[in-house]
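Following: one structure in structure tokens, then a few remarks.
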Amino acid sequence: MRASARAHSIDELRALAKRRLPRAVFDFFDGGAEEELTLAGNRAAFSQHHLVPRVLRDVSRVSVDTTLLGKRSALPLAIAPTGAVGFGWRGGDIAIARSAARYDIPYGLSTSATASIEAIAEHAAPSRRWFQAYVLRNRAFTDALIERAQAANYEALVITVDLPVGGKRERDFRNHFAIPFRYTARNVLDFASRPRWALAMLLHGVPEMSNLRGLDSVANNANATASSVGRNYDPSFNWNDLERIRARWNGKLIVKGIAHTDDARRAVSLGADALVVSNHGGRQLDAGMPALAALPAIAAAVGDSVEVMIDGGVRRGSDIVTALALGAKAVLIGRATLYGVCADGEAGATRALDILRDELVRTMQLCGIASISEIGPHLLQQ
Ligand SMILES: Cc1cc2nc3c(=O)[nH]c(=O)nc-3n(C[C@H](O)[C@H](O)[C@H](O)COP(=O)(O)O)c2cc1C
């Protein structure tokens, strides 16, 4: 039996990942900015809402499929873009993309992924692929990334707007965590304490951020710390630039990292097809509001003009129901599948999706609803 098959919750996958990874690597995935108030707040926000179940309804058959960006999705769920996955599991990006393909849900590839735009298109086809672009100081490089995504038939471009500079991730500072690795005495001991992980890195080589190859970037800067990846990103990036990107990109445009209703309206007027209410999983602005708390006003502000998604703190099927009841069309998950892949590769990522799907179905049955379209504010205690 594979290790991940014994995990019954996302939290148990997290514990397995923690056991397998060196402390510095686990903390990079698990951690947030500064005091991690927003990281904790994302999670805590879910417990402030209560579902009011209805009973004696036939819930023998439940359907969890929905539409996202006008196409069928087998779950109201997509994989959030996350960088540096290969440092947790060699080939981890492709492993998660394959799990998403098996589940027939969209997969978001990060600019700072450890698999290239083309490799994902090749290995995860025919799943739905979204490419997340950061706007770099080197604009020509960003344009080239966007063109590559277009050439590789990515359905949507995700522009992440909550990272004008990198967040202050203090766990990384304390752990001397950097990409590429810095081999300080502390790190060598830490890496050696997880021989299975260290062996995989030795045998296959330390991964690289393939999409950034050719850029004079942190990936080539031995003094860079992971939490300062923002140094390549352009803090002058603004609404005019977003408009320019909208004009260049033929596919769907998703703007990720919105918290304010005015910004939501502006992104819509500029031609966004979808928004992600997000604070980057608590890794950027600390003391920022929980994503779930920002959701209802944004959903109300933009109405049906675009699809509103949310991420941050989704660890349970009931979280998905709560988010949808508060106006989201779908949720994105970051750490849930990251913990799974770090625990057990593709089997672990798939296990994370199995758990969330199973919990979603069970929650719907316990609430007396048989389809996603039946989820609404009436399910919540007012
Ligand atoms: C390790 C890690 C790396 C991330 N890298 C990126 C990234 O490259 N681009 C991006 O837009 N968001 C990135 N995010 C944020 C996620 O897309 C998402 O917003 C967040 O993980 C959602 O919160 P959750 O992890 O609680 O599900 C990253 C998150 C984590 C945990």
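Every residue, even glycine, has its Cβ placed from backbone N, Cα and C.
Automated prediction, rather than curation, is the source of TrEMBL annotations.
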TrEMBL FMN site partner of Pro81, Thr82, Gly83, Ser110, Lys256, Ser278, Asp311, Gly312, Gly313, Val314, Arg315, Gly334, Arg335, selected from Thr38, Thr160: Thr160
TrEMBL glyoxylate site partner of Gln132, Tyr134, His280, Arg283, selected from Arg98, Arg169, Arg246: Arg169
Neighbours of His280 (glyoxylate binding site) among the binding-site residues Gly83, Gly312, Val314, Gly334 (Cα to Cα, within 10 Å): Gly312, Gly334
Cα-nearest neighbour of Val314 (FMN binding site) within the listed binding-site residues, Gln132, Tyr134, Arg169, Arg283: Arg283
Among Pro81, Gly83, Gln132, Thr160, Arg169, His280, the binding-site residues whose C-beta sits under 6 Å from ligand 1: Pro81, Gly83, Gln132, Thr160, His280
Of the binding-site residues listed as Gln132, Arg169, Arg283, the one whose CA lies nearest the CA of Pro81 (FMN binding site): Gln132
Rounded to the nearest Å - Cα separation of Ser278 (FMN binding site) and Arg169 (glyoxylate binding site): 17
